[in-house]
Structure formats: structure tokens, C-alpha cells
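Copied from TrEMBL, the annotated features are:
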COMPBIAS  455-464  compositional bias 'Basic and acidic residues'
COMPBIAS  484-500  compositional bias 'Polar residues'
COMPBIAS  532-546  compositional bias 'Low complexity'
DOMAIN    1-166  domain 'SMP-LTD'
DOMAIN    165-285  domain 'C2'
DOMAIN    310-435  domain 'C2'
DOMAIN    587-709  domain 'C2'
REGION    455-563  region 'Disordered'
Amino acid sequence: MWPFICQFIEKLFRETIEPAVRGAHTHLSTFSFTRVDVGQQPLRINGVKVYTENVDKRQIILDLQISFVGNCEIDLEIKRYFCRAGVQSIQIHGTMRVILEPLIGDMPLVGALSIFFLRKPLLEINWTGLTNLLDIPGLNGLSDTIILDIISNYLVLPNRITVPLVSEVQIAQLRFPIPKGVLRIHFIEAQDLQGKDTYLKGLVKGKSDPYGVIRVGNQIFQSKVIKENLSPKWNEVYEALVYEHPGQELEIELFDEDPDKDDFLGSLMIDLIEVEKERLLDEWFTLDEVLRGKLHLKLEWLTLMPDASNLEKVLTDIRADKDQANDGLSSSLLILYLDSARNLPSGKKIYSNPNPLVQMSVGHKAQESKIRYKTNEPVWEENFTFFIHNPKRQELEVEVKDEQHQCCLGNLRIPLSQLLSCEDMTLNRRFQLSNSGPNSSLKMKLALRVLHLEKQERSPDHQHSAQVKRPSVSKEGRKISVRSHMSPSPGTGDSCTAPSTPVIGGCDNKPGVEERAQPAEASLQGPRDLGRSSSSLQAGSTGSPSHVSIKEPTPSIASDISLPVATQELRQRLRQLENGTTLGQSPLGQIQLTVRHSSQRNKLVVVVHSCRNLIAFSEDGSDPYVRLYLLPDKRRSGRRKTHVSKKTLNPVFDQSFDFSVSLPDVQRRTLDVAVKNSGGFLSKDKGLLGKVLVGLASEELAKGWTQWYDLTEDGTRPHVVT
């Protein structure tokens, strides 16, 4: 088959990839492949696994261990810049899942097949002329690592290739996959970690600055860093979609943050089948691949319910207060299939076809479709999911835009409460677009599913004896399954309270050795989520601390949007300052900002002028600086920082920053401003001085304003000072 597969690959490169690259950027309009030859060495299948348990009888699930080492000749050029580059060889190793479904009573017996990777495959590409390629405008922000990460993530769930084999098969049904469940991960604390930091050229042993990287498929979360602590308490919560739990694991790695290369502190891998069986696990786990260290996790398996019978209880359990319609733990999941649009209007130029894309948002969370070029009848066939805090109060906002001219082609709003009364909580139809052409419409399928934690009926003397998959992932990829005997604490429906103290069984080298857990002291913060995206993290090989090239903590959905530890420290410092006296209306001081949107530059402009009456972190005052995010984007690339002003409580910055964003988009977003203390080298006087969240929905944004804002511990309830 290999020669015919090669023909398909060449066709894919020339007819699909080449036009997409040309349309992606004006600088790439002359991009072309001059040669596509993937070589004579065929792809090898080293092993096949067929699942016979926990599968639907109308499907066949295969896992193929594939290996491809090919001497390729793929040459490309960009004529405009006289640039030539190429690929000399490609290696790819990983587990590819093939699902044959539905099985039918006529030949060929299988209606369609779906192909994807369960987790990111090992990918190596030997480039030629890559340096010249990355010097081109529009590509200079990329690197070899980022390119490999983009390609790898495209191959992993929820991305999949679906091939219909029978014309009568409802292919749209296969392209609307419902997740098997949602895994809620309470990343609580660790104990007895190794101290990796040293001083005076290794003569003095120090502690570690631990953080965790959590993976479920291609979903990656990174915790905050706890400075100088071998028993850190994170108390963070994340939610991950699980599409294929046979063979899929929860992978956790701990690292010590360092300026150059982060040190490895241990790993853990848990089979999700075990979590689904138990529904709730609240346990301590011994870390693998290190001499010592334990990790405390609480894992909840949430079932997707197609009716609203349990919604009220779920909303009560997660404390879905009416004042927090967009933030906190999720009560439900919105699954959206974007099919196509019809009769879209022209862009700014009459009689010209637009380059349409669709932006969808629920609360602070926004997602975007791919761009379809030069058409007013675009077909997307893309899937999206949104975690929903309270469907009774939230709505889906959809806007169709012309990417070329950055103008709106139509929009619509759908209250999610509308889905609660629909059959199977599903809508599948064409929606008429507002502010568009007279017959412009958008075809979508929407499904709402309530996230329900099913309680297991157990006898009082029930002992959980789970085959928890905790492999030691060496270079050879060996997996060691260890039996863990544990007695979980009784679960409560309240996801925002501290877990009760569990009695744990250690999984040391000696089986059957039991240890006593230390009590979990810190309780989780109230729900304050402004995003769950973690796509900027890049994973590499296990055990390599440099696997994250852009280290950005993922905002926890059950802690403050700033570091909860910093907020607690700030409140404690406030109580010390108060010392029996009444503080003024602005106990943390104030910050002066100018905020406006420039329509000519299509940018939000923020000027940080100055602060006054900040609190002192030491006898010498504070070393303040200001950090900005345009929520929900909390990636490193979206961060803006002023210079540090030394030993002052009234710093003057007068620095201007901008964010590339359109006016309709920015009015749905929030400016996150934090004043922080820098501190010196090895200084403990680092932390939060105060925050403010600036809403940008005002109609005055185009004109702009200059105002003083009160700083608070968490940025909520900002008080504007005239």
C-alpha cells in the first residue's frame, strides 16, 4: 500500500496544506512545494491491541504501535523572499487509535473509521534551511520546538480524521463526538519533596520551588510555583475532557523551577478506568522515579447527563451564586458543532468574497474557528467545547468575521437556558444571523450535558483496592503497574471545600507498607475562573525539565485569578497593618490608568501612570512594578510589565502598552492589573501589593478615560476614584 499512501500524502500537501499556508499570511502568498517525496521506507506497525471490554458492541477499537523512520525529500520555497527550505528526514513513534464504527449488516460491514493519537507522538524532523525560513516576517516568532509542538498537537485528541466508507452513514454524527466524561482534578499538596536548590556552589543545600504539569491527552495544565517549600500546598482545581478512557491516563510531573533548566521532582500516572469505577478518589500517591515524595490528589469522574434533572443539585454543590455567572467550577458542558454558513454578505469591498471565521464565546472563554478563504458559503465542520458554570444565566455569543478586513459579517446570541427545555438538551438547525444579509444563516448543532458526580453505594467496611496504573516511564517506555491499598475519605458534593484527611497506603518499594498522612490544612479558595486554556505549553520527553518552553501557570478554576497564596499573604499583611486602627477607604493604595481603544491601529492602549500610598513590604518600602493581562489570555506572550521602581510607595511609571484586539472583541474582555513587589535576588519580599479588574464593556472606550482605581486583594469590586 505504501506507494499509494505516498500518492495521497503528495496530494494532501499540494491541494490542502499549500493553499492553507498561502492564505495564512500575506508574506507567504508565494509559498509552494517544489518536491514531495516521503521515501521508499514504509510505515511499520509494531503491535496491535484490540479492546474487548468497556467498548460498545457496535464498534471496534484498535491501538496500533506505529513507527516511521523515513528519508524524505520535501522541498519548499517562498519566491517573494528567495527562500528555500526543506525536510530531509522524519521520525514518528506513537500509539495510533483506529475506531471502526458503526458496524453494519451490509458490506463493507464498517460504516466509517476514525484515526487519532491518544497522546502526543514522538516526532523528530531534520530540517534544511530552517534558519532562512524563520527569518521571514510572520514566521520570526516560531522555532523548531514550537513547529513540532503544533504538528504533534494536531494529531492528538480531540483532533481526529474521520473517513466515511458508506455514503448512507451519518458522518455528522461521527463528527460530533460526545466526551466519555469530565475529570475534575484537585491538585492539592505534596510532601517530603527533594531539595534541588543549592547555594555557594553546592556547599549549602536549599529547598525547591515546586510546580506541577498535568496532562490528559493534549490538555496540559501547569500549577503555580510555590517558592522554597518541600511540602507545597497548591489547592488548585482543573477540569479535563476525557474522550477515550480505555488506555488514556492522567499524567503528572513535578519540577523545581530554576532560571536555566528545571529539575525533575517525580512523576505519577493513573489509569482513568480506575477513576471512572471509583467515581471519587481522595488519596496520597508516592511519586515514581525519585527517592522520596508524595502527592495528594482528589479526582472526581463526572458523568455527562442529557437531562436537567440533577442540575439544581449540581448548581448548589458548586456554589453557582447569581453574582458569579461566569466563574467557578463547571455544572455542565456545551458541545458545539460548527457546520457551515450561507449567503454571507461581502466584506468591506462590494462584490468581493470575504475570508470568514467564527468567534464563539461563553462568559470569559472564547474560541475561534479556522479561516475559510474567498467564499460567502463557508463549510467548517469543526467541534468546540465550553465548560459552563451556570447555564441558567450564561449565553453563547457567536460572531462571523471577515479576517481580511476585520469587520463583522453577522452575529447571534443564544441563551443556554433555551437548551434546557429542548429534547435531549440538543439543538440542530440553521440560525438566522443579526446585523448581516437578509438570508444569512449559520448552521450549528448544540448539546448541553450536565456534569454529575454519581455516588457509589458502598458498605461501611468498603476498602478501595484499585489497580492504579503508576508507571515508571523510562526511556524504554516501561510501565509498572502497582497495586495501591487505600481508604479514601468520604466524598462530599462540595467541590470548593478542603478534602477531609485521608488515610493512605504508601506505594513504596516494599508492598504493604502503610503511612499516616498529614492533615490538609489549607482550604480551597472560592471559585474564580477566567480561562482553562493551556495550549501554549509544550510537552517533550518525560523526565526532561525543559519540556515546557513557555512556562505559564494555568489559572485554577477554584482559586483566585491571581495566586491565592499571594492574596492570603496580602490579607494577613493588611491585618498586621491595621493593628487595632481603622484603615482608610483605600488600604492598599491606588493606581492611575488611561484606557482607550484606537480604531486606526485596531489596538487597546493602556497607559500606566503611577501608584500612590502602596503598602510597604520592608523597612525600605517596596520595589513595585505593574503587570497587565487582557483576560482570558494569560499566556506569557499576552503579559505586559512596567519597569521596577525601587524603594518607593508612590512610583511613577508613565509607560504605554497595547494589545492587538478589535473594539467588539475587547468589549467582551477584562483588563487584569496587578501591582507587585519585585524583591531582590534570593529575597523573600516578593508578592502581590494589590489588584484591579477593569471592565471594558463601556461605550466610552473609543474616547478613552484616565482614572484612579482602588487596589484590592483580589481585584474585585474596584472603586473608581474621581
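Yeah, the Cβs are placed from backbone N, Cα and C, and that goes for glycine too.
Looking at the domain 'C2' (165-285) alone, the prediction's average pLDDT is 83. Under DSSP, residues within the domain 'C2' (165-285) fall into helix, strand and coil as 11 helix, 59 strand, 51 coil.
According to DSSP, the domain 'C2' (310-435) comprises 14 helix, 57 strand, 55 coil.
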